[in-house]
Amino acid sequence: MRVEEDAVPVFVSPELQREITRQEARIEQYGGDDVELPQHEKAQPPAEDPNRVAWDGPDDQLNPQNWSERRRWLITLVCSLMTVNVTFASSAPTSATLAIAMHFQVSREVAYLITTMFLLGYAIGPLFWGPGSELVGRKPIFVVAMICYTLFILGQALAPNIQTLLVTRFFSGFFAVAPLTNCGGVIADIWSAAIRGKAVSLFTACVFLGPTIAPIASGFITESYLGWRWVFWVMFIFAGACTALMLVALPETYAPVILAKKAHRLRKAEPERYANLYAEHDRQDWSLAGVIRRTLFRPFQMLFIEPILALVTLYLSLVYGVLYGMFGAIPVIFEQIRGFSISQNGLIFIGVGVGTSLGALTNYFLSRHYPKLIIRWRGFPPAEERLYGGMVGAPLLVVGIFWLGWAGNYASVHWAVPAVATVAIGMAISLIFMSFLSYLVDTYLAYSASALSANTVVRSAVAAAFPLFIVQMFQQLTVKWAATLLGLIALLLAPSPFLFYRYGPAIRARSTFAPCLDLKIAKELAEEKAMAGEKV
């Protein structure tokens with residue numbers, strides 16, 4: 001049900017106001033992290049408890065959202081750089097695939113597993129790093145994950161055989177996904193929903209910037225006198241620098257852990273006075289059964305019973321697969337058909353990087369109305385307002401895929417024509433991801449961590465499979481018909497954002513996990529108008 005924005009009521013019923021207050025308190029405490037509220041708080045807003053540690057007023061400097069804007073932007077930049085680094089590592093070896101295959105005397109198909117194993121690590125890692133940050137905070141997870149990730153890259157640089165390289169790639173991906181899983185949480189920790197648009201756009205652009213610039217660098221390194229091992233040495237140096245920067249510049253930002261440390265500090269300082277002091281984080285269910293229920297059972301339960309999550313995951317899996325499939329398709333188009341060198345082929349990925357940056361910029365402008373919606377809808381606007389970027393990106397992706405395939409199929413067509421198509425594809429991918437991930441967060445609110453976890457696991461697993469068959473598909477079907485197949489699948493799914501915009505409210509209304517506060521506000525307004533009409 002939709003209502004005009006300006007008509008949203010200033011006053012709502014006491015019952016709805018209690019639910020809004022409960023959700024606001026939940027989001028202030030935990031953001032999108034999927035933790036269990038105590039039973040008494042599920043029924044009513046938390047009562048004032050003198051023993052419960054909270055912020056010392058709205059301007060408490062312990063609250064990350066009250067830190068200086070300069071400090072918050074520094075943290076955002078550190079998170080963005082880590083994101084570029086770990087996504088850079090996912091695709092950097094693609095330009096060195098042939099050289100690695102020749103060195104270890106294995107087939108090119110086996111060498112493609114270098115990317116696949118990394119993405120399989122991506123698929124499994126979120127099941128551990130998200131819950132880990134709920135338990136111990138963001139910073140300890142980053143410390144452990146980034147150090148281990150860096151050390152496994154060292155193992156890749158020194159790998160004596162293909163088996164060692166593949167195993168270290170898997171574990172490197174497993175640890176590398178921690179920034180992808182938790183940096184979004186850091187941004188939510190330090191920026192309020194009304195003003196985090198720029199930070200979210202920057203972070204999301206970096207998710208796609210890393211894998212698009214990596215083949216450029218690795219192509220030149222592989223063709224130089226340095227050789228393919230220096231691709232991994234550069235990755236190691238880059239990862240080490242990011243790890244050092246994280247250790248120095250990234251503080252703990254997770255509010256429940258900050259408050260728990262505050263409670264512990266006060267109890268230790270004055271044990272008699274503060275003996276009963278506690279933080280809400282201390283009373284969560286951190287038993288093994290509770291953690292498994294939230295991290296393993298609930299994400300996949302939602303995936304099977306929530307149509308919005310299932311369809312969005314299906315679509316984003318295809319889009320993510322197209323991104324990583326391009327690392328195999330572009331060499332066919334430009335190296336095999338047009339005779340480009342490895343380094344020249346790598347330069348084509350500049351187009352994807354430009355496109356993703358344009359997508360982030362476009363999404364920012366498409367979302368400028370959102371802060372006003374937050375005010376009008378008491379902090380909970382319709383989730384479908386996040387879909388405008390997807391409405392632009394979905395048709396653009398179809399156009400880009402057909403453009404790349406049919407222009408790239410013929411050597412007589414100037415190389416710039418299919419190269420420009422990569423800009424359209426990059427822009428489409430960026431817009432679709434920003435739009436739909438925000439849609440999932442706004443749809444499921446308190447359960448968004450579970451929704452995003454299920455989505456990440458499935459789409460990373462799908463993306464891991466794409467490099468194994470994409471080259472053969474483009475070679476056997478020819479470029480134009482392979483692209484046509486992908487384009488038709490993208491065309492079939494392209495109406496998704498429009499259908500969700502039209503029917504999403506009705507689907508959410510039947511959801512087990514979506515709070516649908518906007519629908520309840522709209523319903524009260526409709527009832528109020530109906531009563532006013534009867535009186536007249």
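Every residue gets a Cβ built from N, Cα and C, even glycine.
Annotated in TrEMBL:
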REGION    22-64  region 'Disordered'
TRANSMEM  73-90  transmembrane segment
DOMAIN    75-508  domain 'Major facilitator superfamily (MFS) profile'
TRANSMEM  110-129  transmembrane segment
TRANSMEM  141-159  transmembrane segment
TRANSMEM  171-192  transmembrane segment
TRANSMEM  199-218  transmembrane segment
TRANSMEM  230-250  transmembrane segment
TRANSMEM  303-327  transmembrane segment
TRANSMEM  347-366  transmembrane segment
TRANSMEM  387-407  transmembrane segment
TRANSMEM  413-440  transmembrane segment
TRANSMEM  452-475  transmembrane segment
TRANSMEM  481-501  transmembrane segment
Please give the sequence-distant neighbours of the transmembrane segment (481-501): residues at least 6 beyond its ends with Cβ less than 8 Å from one of its Cβ atoms.
308, 311-312, 314-315, 318-319, 322, 325, 329, 384, 387, 390-391, 393-395, 397-398, 401-402, 404-406, 408-409, 432, 435-436, 439, 470, 473-474, 507
In the same chain, which residue numbers or ranges, 6 or more beyond the ends of the transmembrane segment (171-192), come under 8 angstroms Cβ to Cβ?
31-33, 64-65, 67, 72, 75-76, 79-80, 82-83, 85-87, 89-90, 117-122, 124-126, 129-130, 133, 138, 141-142, 144-146, 148-149, 152-153, 155-156, 199-200, 203, 207, 250, 253-255, 452-453, 456, 460
How about the transmembrane segment (141-159) with the transmembrane segment (230-250) - do they touch, taking at least 3 C-beta pairs under 8 Å (6 or more apart in sequence) as contact?
yes
Contact between the transmembrane segment (110-129) and the transmembrane segment (413-440) (3 or more Cβ pairs under 8 Å, separation 6+):
no
Model confidence for the domain 'Major facilitator superfamily (MFS) profile' (75-508), as mean pLDDT, reads 87
